[in-house]
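**Student:** A single structure is presented below for examination.
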Amino acid sequence: MAGGGGDLSTRRLNECISPVANEMNHLPAHSHDLQRMFTEDQGVDDRLLYDIVFKHFKRNKVEISNAIKKTFPFLEGLRDRDLITNKMFEDSQDSCRNLVPVQRVVYNVLSELEKTFNLPVLEALFSDVNMQEYPDLIHIYKGFENVIHDKLPLQESEEEEREERSGLQLSLEQGTGENSFRSLTWPPSGSPSHAGTTPPENGLSEHPCETEQINAKRKDTTSDKDDSLGSQQTNEQCAQKAEPTESCEQIAVQVNNGDAGREMPCPLPCDEESPEAELHNHGIQINSCSVRLVDIKKEKPFSNSKVECQAQARTHHNQASDIIVISSEDSEGSTDVDEPLEVFISAPRSEPVINNDNPLESNDEKEGQEATCSRPQIVPEPMDFRKLSTFRESFKKRVIGQDHDFSESSEEEAPAEASSGALRSKHGEKAPMTSRSTSTWRIPSRKRRFSSSDFSDLSNGEELQETCSSSLRRGSGSQPQEPENKKCSCVMCFPKGVPRSQEARTESSQASDMMDTMDVENNSTLEKHSGKRRKKRRHRSKVNGLQRGRKKDRPRKHLTLNNKVQKKRWQQRGRKANTRPLKRRRKRGPRIPKDENINFKQSELPVTCGEVKGTLYKERFKQGTSKKCIQSEDKKWFTPREFEIEGDRGASKNWKLSIRCGGYTLKVLMENKFLPEPPSTRKKRILESHNNTLVDPCEEHKKKNPDASVKFSEFLKKCSETWKTIFAKEKGKFEDMAKADKAHYEREMKTYIPPKGEKKKKFKDPNAPKRPPLAFFLFCSEYRPKIKGEHPGLSIDDVVKKLAGMWNNTAAADKQFYEKKAAKLKEKYKKDIAAYRAKGKPNSAKKRVVKAEKSKKKKEEEEDEEDEQEEENEEDDDK
């Protein structure tokens with residue numbers, strides 16, 4: 001329903017809400033009284049149905065709003081259909097942006113729609129798009145349908161229905177004239193009248209309750225003659241309109257006094273006789289939508305040329321969504337009186353259950369039944385369902401795959417499958433009577449269940465079918481033998497009185513069945529020859545060809561000479577080898593989410609390794625992998641390798657893949673130039689030569705003389721002596737190492753940032769005037785010698801504390817003496833500093849500064865000269 005049934009759903013609701021209007025369109029033109037009465041009653045029915053739907057809508061507003069999880073396309077569809085204004089649409093959108101729940105917004109919209117409730121509101125609510133986007137609306141829609149069907153008012157009570165049924169039965173028994181016919185009405189079923197089918201195109205109402213109401217109104221308002229005349233004219237007009245269409249909904253029932261059989265002509269055009277004439281003679285309107293009660297019992301076989309047309313109509317309009325429950329409780333005696341039989345149509349996609357409680361029926365008391373949803377289905381000819389269905393199933397198991405084209409079309413053409421029973425019959429005999437309704441039952445993946453009372457009859461039929469099919473397997477062509485005192489559903493045991501149409505179909509199908517028999521025999525001979533070859537090759541005992549090709553729990557397939565596939569020579573026999581990997585693949589772990597909002601060009605990047613988090617500093621990372629460039633959350637510094645170990649990923653030994661930034665590994669960031677390639681610093685390795693001359697002399701000297709102090713001048717002399725004894729090739733190795741170290745030094749110096757050192761103290765002129773002391777310091781200079789004399793062991797801090805205590809305890813008058821003295825010294829300092837600044841720096845001070853600078857330069861020059869001399873001496877020694 002949600003996939004494409006939006007148009008169907010709204011159409012069905014529309015038909016349920018206005019059924020009387022649909023029926024009004026097909027009344028005869030001359031029946032003005034009936035038309036006037038229908039017009040008056042139409043308003044009452046419409047208002048009643050409107051109230052039912054409106055109350056159900058009002059009660060289920062909360063459920064509808066809860067089923068709609070998002071505003072699109074619900075609000076947009078209502079706005080496009082002009083059911084809500086643009087202002088209301090914008091207000092609803094603003095409410096959703098302000099975090100108001102969508103269900104609350106939808107409920108407010110439904111409350112506004114309640115004020116102007118009409119059919120377009122339901123059409124917009126249950127549209128195709130809404131049913132796809134909001135699947136929870138499906139059961140709400142079904143609730144609307146159920147309420148309409150359940151609460152639809154019935155104009156007649158149950159007693160009147162029983163009287164009408166009894167009147168119908170009496171009219172059929174007596175076979176009176178046209179006055180005895182009445183319009184047959186059908187009470188509503190539990191399921192929708194045309195669920196899963198296309199609504200009628202001719203405008204006829206499919207709901208049974210409205211048809212029943214119309215018939216009741218006709219009965220009450222007109223006399224018996226007028227009633228029969230009006231109903232006959234109405235049915236004639238409806239039958240003429242519905243006849244050309246493919247989805248007819250009305251079937252005429254013809255009752256003959258001389259024969260108890262009933263016939264429902266096919267609405268499709270036939271070759272011999274048109275059903276339109278019979279509709280003019282005896283027209284009884286029957287809605288085949290919802291069938292409650294029908295009984296087809298104890299019928300006699302009759303001949304009709306339109307049987308083939310009926311079977312074709314059922315074949316092409318096969319419905320796969322109905323449950324057919326046939327219940328017939330028969331008496332042991334056989335009568336020619338027709339009794340009602342119940343046919344229930346319930347929810348789609350179920351299994352048909354056939355219950356036959358009386359196994360003692362005679363061949364003249366065969367049952368037939370058929371019910372469909374919207375397509376016209378014809379009452380079947382007399383037959384035995386129990387034996388025919390078992391015969392068809394057993395024959396299907398043994399003759400599966402006779403022809404590829406036939407097997408594909410067999411699901412739709414059930415009469416062709418039934419006619420294949422001529423394979424077991426003589427060529428001169430007639431074919432059995434087959435059920436025309438089995439085409440509607442033969443649906444893929446459908447099961448049949450039979451009651452326990454039929455088990456004995458079914459088992460007897462299956463044994464005879466096994467006997468018939470065994471002759472085909474032997475390829476002898478003999479006729480099947482029939483046990484005594486047992487009924488069989490095959491061709492030889494079926495009663496006479498077959499219609500001429502059946503004879504024609506049976507004769508036309510005998511040619512194809514004989515070809516199938518020849519194919520089966522040829523197939524058996526071919527498999528016997530293959531068995532001989534297999535015996536010669538494998539030295540095994542001879543086995544029957546058909547049994548060899550058969551496997552356990554698999555149906556036997558008979559291939560014809562035309563469609564048999566030749567086996568390729570290069571194709572290997574036996575089972576195919578498993579070429580797939582036998583090892584179970586390791587399941588991939590959950591992917592690490594990637595953060596696209598990180599700016600990788602920052603100098604500091606957040607990194608993670610396992611559950612440990614930290615911050616990577618690019619400036620430190622540039623200096624090398626041995627530098628501690630990652631700071632954890634607890635302010636600890638780590639190298640990349642140490643941070644990898646800290647995150648419990650030390651076993652991988654690949655920090656470029658273990659450490660991630662925003663979900664990306666450091667390797668990816670370095671490849672994309674977001675991180676610089678850090679210089680790899682390796683441990684210094686001491687090269688060893690064959691003569692042990694490339695050993696570090698400093699380390700060797702320490703090992704030999706661990707307690708002796710090493711003088712650098714003496715050590716250089718020893719190194720120069722060993723350098724002279726080394727060959728040129730060995731010196732080249734050291735020269736290469738020196739060049740590599742120099743290049744490494746130059747590369748590091750480009751990115752080296754010297755640490756910020758302390759600022760140099762400004763040069764102070766010793767001849768400059770000094771600042772005067774404060775009053776407290778003058779007090780301390782006077783009393784400090786006294787305290788030290790009294791307490792010689794006191795520290796400086798203790799002395800200062802005591803002096804501070806004494807200063808605080810001194811009276812203000814005593815403090816004035818020190819304060820006045822400090823003020824005089826301050827005035828003198830001001831005069832001296834002013835005179836010093838006016839004169840400028842003295843020459844002596846300038847000379848001292850110049851001398852200090854010269855001495856520094858001289859020291860640097862002397863050190864450079866010494867280095868150059870040492871290099872020259874080393875070069876001379878090499879020469």
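Glycine is no exception: its Cβ is also placed from the backbone N, Cα and C atoms.
From a predicted model like this one, the values you see are computed outputs, not experimental measurements.
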**Student:** To which residue among Lys58, Lys306, Lys396 does Swiss-Prot attach the annotation SUMO2 cross-link?
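**Tutor:** Going through Lys58, Lys306, Lys396 one by one, Swiss-Prot annotates Lys306 as SUMO2 cross-link.
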**Student:** Look through Ser425, Ser439, Ser451 and state which residue has the annotation phosphoserine in Swiss-Prot.
**Tutor:** Ser451
**Student:** Considering the residues Lys366, Lys528, Lys576, which is the one that Swiss-Prot annotates as SUMO2 cross-link?
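**Tutor:** That would be Lys366, per the SUMO2 cross-link annotation in Swiss-Prot.
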**Student:** With H, G and I counted as helix, E and B as strand and the rest as coil, say where DSSP puts Lys594 (SUMO2 cross-link).
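**Tutor:** Note: Lys594 (SUMO2 cross-link) is coil by DSSP, not helix or strand.
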**Student:** Does Lys594 (SUMO2 cross-link) have same-chain partners at least 6 apart in sequence with Cβ under 8 Å from its own Cβ, and which are they?
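**Tutor:** Gly662, Gly663, Tyr664 - these are the non-local Cβ neighbours of Lys594 (SUMO2 cross-link), listed in sequence order.
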**Student:** In the motif 'Nuclear localization signal' (717-734), how many residues does DSSP put in helix, strand and coil?
**Tutor:** 16 helix, 0 strand, 2 coil
